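Step one of this worksheet: look at the structure below.
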Amino acid sequence: MASARAASRGVYRYLCPNCGGPNSEERLSRGLPCPRCLPRLPRKGVSGWTGLARLLRREGTLGAGVKAMASLEEEARSLWRFFEKAVGSPPWGAQRTWAKRLARGDSFSIIAPTGVGKTTFGAAASLFYACKKGMRSYIVLPTTTLAANVARKLESMVESTGCGRVRLLVIHSKLKTSERREAMERFEKGDFDILVTTAAFARKYADRLSGYRFRLVFVDDVDAVLRSARSVDAILKIVGFDEEAIEKGLEVLRLQREQARLVGLLQSQREEVREEARKKLLEVKRRLERLEAEIEARRGRTASLIVSSATGRPRGARVRLFRVLLNFEAGGRGDIGLRRVIDSYTHPTDGVAEKVVELVRRLGTGGLVYVPIDMGVEYAERLAEELRRAGVKAEAYHAKKPLELLDRFAEGEIDVLVGVANYYGTLVRGLDLPARVRYAVFAGVPRHKFGSDIGDPHPSRLLRLLSILAESRIEEVASAARSHMGRLRRMLRVLSPAALQMIAERVARGEVEGGYDRQVLEAYQFLREALARDDVWESLRELDVGIVREGGRTYILVPDPATYLQASGRTSRLYAGGITLGLSVVVVDNEPVMRGLMKRVSWMAEVDWRRFEDLDLQSILREIDEDREKVRRVVKGLYRGVELVRTALLVVESPNKARTIARFFGQPSVRLLPGGGRVYEVATGDKILMIMASGGHVFDLVVRVDGRDLEAAGGEPEHAIFGVLRYRLGGNGAAAYTPVYTSIKRCLDCGYQFVDEASRCPRCGSELIRNSLSTVEDLRRVAWEADEVYVGTDPDTEGEKIGWDVALALRPYAPDIKRLEFHEVTKKAILEALSNPRSFDDNLVDAQVVRRVEDRWIGFTLSPLLWCDFWPRYCKRVLEEYGEKRPHMDRERCAKYKAYYNLSAGRVQTPTLGWVVDRTLAYRKKVWLYRVVHDSQLLFAVRSDDPEVPESVKRVLDNWVKHHKKTGIEPWLDVKAVVEKEEWTALPPPPPYTTDTMLRDANRLLGLGSAEAMRIAQDLFEWGLITYHRTDSTRVSDRGMQVAREWLETRFGGLAGQLYRPRRWGEGGAHEAIRPVRPIDVERLQLLVEEGVIELPGTLTRRHLRLYDLIFRRFMASQMREADALRVVYRLRVPELDGYTLTLERVVEIGRPGDAEGVTRGFTLVWPYVRPQPRLVEGREAWIRARVEGRQVPKAYPYTEGEIVEEMKTRGIGRPSTYAKIVETLFRRRYVIEVSREEGRGAGFVVATSRGINVYNYLTEELRSADEEEYGGRIAGILRRVPSLVSEDRTRELERQMDMVEKGDASRDDVLESVFNEISDLALLLNIEHPIKHRSRAEGNTQGNTWVSNFVACAVKSPEVSRVWGAGVG
């Protein structure tokens, strides 16, 4: 419900794309410059950057920003037009993106599916630079055949474009002797414009090639380039870096490691360590800046390098030189993270081989058959022979076979290839034939085979066996296995395959040369010793592994899910426009191993296993063949005019989330941007996705509005209040508000965040500042490259506003921007969100604007009162009451500071502080508590202040306790207990967590503070382990129910059907309860991380695991059946207490007698926090002896952090996103502290400090009776209204109004006007606010007031206020 207004709804500094000045929200949303650059809005849309440049040139205001973009756009469009002429069709989205990067002179790694035209683009771009720019290019290919093919393609392009003068030189091994001699002569003379060779030639002649200056080097065999340090140096030299530049790059790598170490030391507890780290960090930063500037200057004179994606994971310092010198890291295959496979299994009635033959004959050509690795090449050969005898054209393929077999298979001359299911084998990893491979058959479950002697001590092999022993019920074995796993996993992350193989060979020979060797040897010896124990073998039989006897020896068969996913993935490949459908069939030869495979695969991917016999095979094969036909048409270029692949930028908030999403789709390529940002690039089929992080908020309200801001806002504002302009609308009293935003700066030294336009930290003076403007520039850079932009910030009002700010910043560079909403970070959720983007929700944005502006206004209005009026009063009280000797937390501060600026007040903060104060004061008051105890069990308790208990009862108890103190004789009572009712009842499970209940239990059960719990939950969400954690919904989605069912089936087997009770809990809305996203419990999660199956972008600590376990158990409990509980109701009568009678209810049993399987225990099987109590008496009634205990106790106990959050939810103030922040602020301001419980167990109590009590009393009581003589009559009258500003009722009402804005039932300007009316008099009279049109009103009301003069003189010394206060607008 936007108000009609003459001015902008918002102003953003630095976002004019032309001059870099402030720009309005409305102009940004249209992609236009600020009013100074473009005074008159164009009637029609502006066509691109070149059209905008022409428009600004006519105005005489063309600036550097638009001029540079127009030049880049024209360069890219020239390449697009040339490409269309050369190829016969316009470039697709990916090719347009690559052209834009080339126009900028960037180097990058290509991640793209089959059929997108990588090589075609490389050839066309090379010809463009040769023909139109007179610049050389070099194309490097993996094979002679491809080199010859590209040469033919270039010759055709030359003819199409009329570039007959371009000199093309092709050198490969199939040239005749005379042709090669002539080619080499031309090469030596430099008689070429485009050079095409293999990678081997590039390595051999790198020094000679470095003498030619290339504009483009296109490498279609990056694996060959990354194979060795020599290969890396060769390509860097060819691109244009000499030995000196390479050495500088290596020095940068060393300094970056040192910088990371020093940043870690800034967190030290010792000041001298931090100070030394600061000095060294500045020195390292300066050296890095110098070296990076020198490299940047050199980079401007080098070729653009384009490389294809890598199949492996390259490691080593030389590989990292690409990042330093060329700003990118080569990614892996962009399609291994995606699969579209029908996963099935079948049990053979005869033999495995016979079943394989039957399947292949039914499924036809285009098949891959995999035999288990323990069966070996010999079995693959025998199986291929059996297939041939059955009339199938089959061949076994392995390392000793010629590569031409793969070519014959690709051409259709061979129907089926048979190979070994080896993770590193060609048929498992290196085959990418989307038009040819239709299905895969596994002749036995993929597995590893281990004997008791272990065999080869390769670390990866040992890790697999350790992962099985880690599941052993023998705790000492499982614990030791997990310990060895952690060490080996760290080793596998940092060492190359060659280094790992060398370690294995040394250990096998009994040679130990270093720490890594020793770790492998220790793991090897542990495994041998463990497998020599009979009890270990017995425990293994309980797991989903195979135990077989062969030749008098026992072996373990361990399922190999990674190989299964890789091998079956050969049937489902990315191509330009989608992912091919594939079929996988496992012929089961060992049932336990198959169960283990199915279970382990589900931890790595979303797989729906089906019986092969239940498949609609005809329909599946028809779809498989239709997909292959699409691929063939794409490769032949028959989809001209149809854009099958587009590029998209996805912006999320955190780098962790960006990395997590990228890894769903394989090993991403990474580009480093000038502002320090990273962009991860992956392929999803119809999109090439570039993923970046905004780092959270990129803009916040300015502290002081200036003239340029007013110019951008337009209209005639009446006031500027703490970064917000107020406009009067007509004569009806309505108003409109324009927030003014600027970039956020963060000190890398002390962590302080500020918005001042300063190059030094206002708090500590450090020059180590990170400005969010650099993030904006990086985002704009990538947004210009993309066809479309998606903003995937968090799914709440704060995330909507962050996303809206980002969208406005990017709009001039990206016309197509949409919002993505996802509540869990999983591959499925991301793909669904990409398929269903939405527009931004203006109501959510407006609601967050209201929250931020209201928070700023209240804080900036009230906080100065605390700094400059409250503090001296408080200090006077402290010094008078405590003197010089009695300790007090603020005595030294009072002596040191006349004003104290680490104080604040807020609308939600103050009532919350009030609850803590009330409980703290009540805690100091004492009442008598009488406990009547039988056999250490509390029967009942009586408090002396309980109005429900008769006074006569209290008097008797009091007398007995006093008598005991005098005589030392313990008072005893006779209590008659009668069972009134005894019945079995259903005990319902708790609902899944919302934010408040999670914080309560994290505090109560784990001892975590609310801020820490939220930080841990944020990690778990961003790592893709739980759903969004800022929610007040208990709703469970269908997917959530499926997660519960799958885990219960794994955990309880056949009992799962009796235990599973799916519940929705809440209805409607997009939000969901907090739950795990996969059926993985905490023990399994820990193992999968240690195995490397799950890779997280951060360190999984014990606290992460404990909170995850709590969330996991609570959710599983919510989806389980009720517990059968035996409830007993007792009536207790105490004759000696005037016949006092009361009722006592207890749950004495959970789970019915005779239920050995525990089904009737229901949800308590996983939720251990519900326990039965002992029976009070046996039989129906009995007299029992009870002891009376009496002691003084607090009238009320203080809150715990969890209870404070629960109270905020119950009383309706605060929101899921602010609960923890409010509590954290109270601690940071030292208004509250945490104290241990008397019994020393459980979450600590939160008590108000002297400072907190006095702050609360000042705001709510003292100002209510402000003295007119001290403050002046007018000001005193206004100060008396302050208590109402921070009252709980007013806060709750404002929360209600903000909820109405969120739903679209109220206008943001109307709500802000109501807040302004509350604070305006105070702001004007104290000269805080900048009156624009009516300055005399403020001056007139405060002239001659001594209190105001002193107050302002004090307040302007605050770093926050000195740039806000003062007359007029700066």
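For all residues, glycine too, the Cβ spot is worked out from N, Cα and C.
Source: prediction; values computed, not measured.
Residues or ranges marked as ATP binding site in Swiss-Prot: Gln95, Ala112, Pro113, Thr114, Gly115, Val116, Gly117, Lys118, Thr119. As annotated by Swiss-Prot, motif 'DEAD box' applies to 220-223, with the evidence given as sequence analysis. Positions annotated as region 'Topoisomerase I' by Swiss-Prot, on the basis of sequence analysis: 643-1370. Feature annotation from Swiss-Prot assigns domain 'Toprim' to 647-825.
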Within the predicted model, mean pLDDT of the region 'Topoisomerase I' (643-1370):
90
Cα-Cα distance, maximum over Gln95, Ala112, Pro113, Thr114, Gly115, Val116, Gly117, Lys118, Thr119, record's ATP binders, Å:
13
Based on Cβ atoms within 10 Å, give me the single least packed residue among the binding-site residues Gln95, Thr119.
Thr119
Excluding near sequence neighbours, so keeping only residues 6 or more apart in the same chain, what lies with its CB under 8 A of Gly115 (ATP binding site)?
Tyr575, Ala576, Gly577, Val631, Val634, Val635, Leu644
ATP site, defined by Gln95, Ala112, Pro113, Thr114, Gly115, Val116, Gly117, Lys118, Thr119: further same-chain residues with Cβ within 8 Å of the Cβ centre:
Ala94, Ile110, Thr120, Phe121, Ala576, Val645
I'd like to know which of these binding-site residues, Pro113, Gly117, is least surrounded, judged by other CB atoms within 10 A.
Gly117
Return one of helix, strand or coil for Thr119 (ATP binding site), based on DSSP.
helix
Using DSSP, would you call Pro113 (ATP binding site) helix, strand or coil?
coil
